[in-house]
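Scroll down for the structure; my scribbles are underneath it.
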Amino acid sequence: MDKSLILALDFTDKKEVFQFLNRFEDEKLFVKVGMELFYQEGPSIIYDLKEKGHDIFLDLKLHDIPNTVKGAMKGLARLGCDLVNVHAAGGKEMMEAALEGLEAGTPAGKNRPSCIAVTQLTSTSEEQMQEEQLIRVPMEESVLHYAALTKKAGLDGVVCSTFEAKSIRQLLGYSFLSVVPGIRLQLDDIQDQKRVATPAYAKSEGASAIVVGRPITKSSNPLEKYIEFKQSWEGAHQ
Ligand SMILES: O=C(O)c1cc(=O)[nH]c(=O)n1[C@@H]1O[C@H](COP(=O)(O)O)[C@@H](O)[C@H]1O
């Protein structure tokens, strides 16, 4: 991936987003638009961010019957985002339909957005997964199972935690993306995240990219904090 620190713009509206981004001046970022922002602002937020030259991960985590996901992805492909996602728990047929939709919706001469699948949310602990989802295997086994299924469906990679990134790379190869949220510096509050690591550790475990939100967006000095995260990531080896 070109830029490997993805900044989660979990804001309520466009005004807040652009006030926040003003601090970064002309830097071209890789930003993530999630449900909170997209459900308020709709496609126009994607067009506006694109116009400023940012790369965009549209994180709507689709999970529905294959036909519905295919139709939704066809529309999302037309927006011009770079990366989209689904839940791997929707199954192989649903993930294949997502790709078909993306291919059908991508305008001629443009690249299809990359598509990744969420394996187990980084806000889920192994204990919660076992008790609430009745998945009676270790977290790593569940994540690897979903990652292998995602690759079989032809998608480009997964969302996982730092703790599974190395095994995914060993099992599924270097070109299969592992996008890793749940990223914090040593003293940061982990909030609702459960499987958390530093940027440097995520990189050393083989993550392709990291996703960071609140530690930067809620900081009193977002630009300084962004640079700290970037330095931690860039200073580590894979
Ligand atoms: O798909 C995601 O981006 C995602 C998957 C996951 O397992 N965990 C996770 O935290 N995310 C997203 O990554 C971002 C993390 O935000 P912070 O916890 O504020 O750094 C949020 O926007 C989440 O929606």
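Just so you know, glycine gets a Cβ as well, placed from its N, Cα and C.
No curator has checked TrEMBL annotations; they are predicted automatically.
Copied over from TrEMBL:
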ACT_SITE  D59  active site, for OMPdecase activity
ACT_SITE  K61  active site, for OMPdecase activity
ACT_SITE  K61  active site, proton donor
ACT_SITE  D64  active site, for OMPdecase activity
BINDING   D10, K32, 59-68, T122, R184, Q193, 213-214  substrate binding site
DOMAIN    4-229  domain 'Orotidine 5'-phosphate decarboxylase'
Output: those recorded positions from L60, H63, D64, P66, G213 whose CB lies less than 6 Å from an atom of ligand 1, in sequence order; none if no residue fits. G213
In the three-state DSSP scheme, L60 (substrate binding site) belongs to strand
Could you check which of the binding-site residues D10, T122, G213 is the closest Cα neighbour of D64 (active site, for OMPdecase activity)? T122
Just to be sure I understand the packing, how many Cβ atoms besides its own are within 10 Å of the Cβ of D10 (substrate binding site)? 18
Looking only at C-alpha atoms, tell me how far T122 (substrate binding site) is from D59 (active site, for OMPdecase activity), rounded to the nearest Å. 14
For D64 (active site, for OMPdecase activity), what is the tally of other C-beta atoms lying within 10 angstroms of its C-beta? 16
Between D59 (active site, for OMPdecase activity) and D10 (substrate binding site), how many Å separate their Cα atoms? 11
Reported as an integer number of Å, what is the Cα distance between G213 (substrate binding site) and K61 (active site, for OMPdecase activity)? 17
Could you check what DSSP calls P66 (substrate binding site) once collapsed to helix, strand or coil? helix
Over the domain 'Orotidine 5'-phosphate decarboxylase' (4-229) the mean pLDDT stands at 98
State the Cα to Cα distance, in Å, between D10 (substrate binding site) and K61 (active site, for OMPdecase activity), rounded to an integer. 15
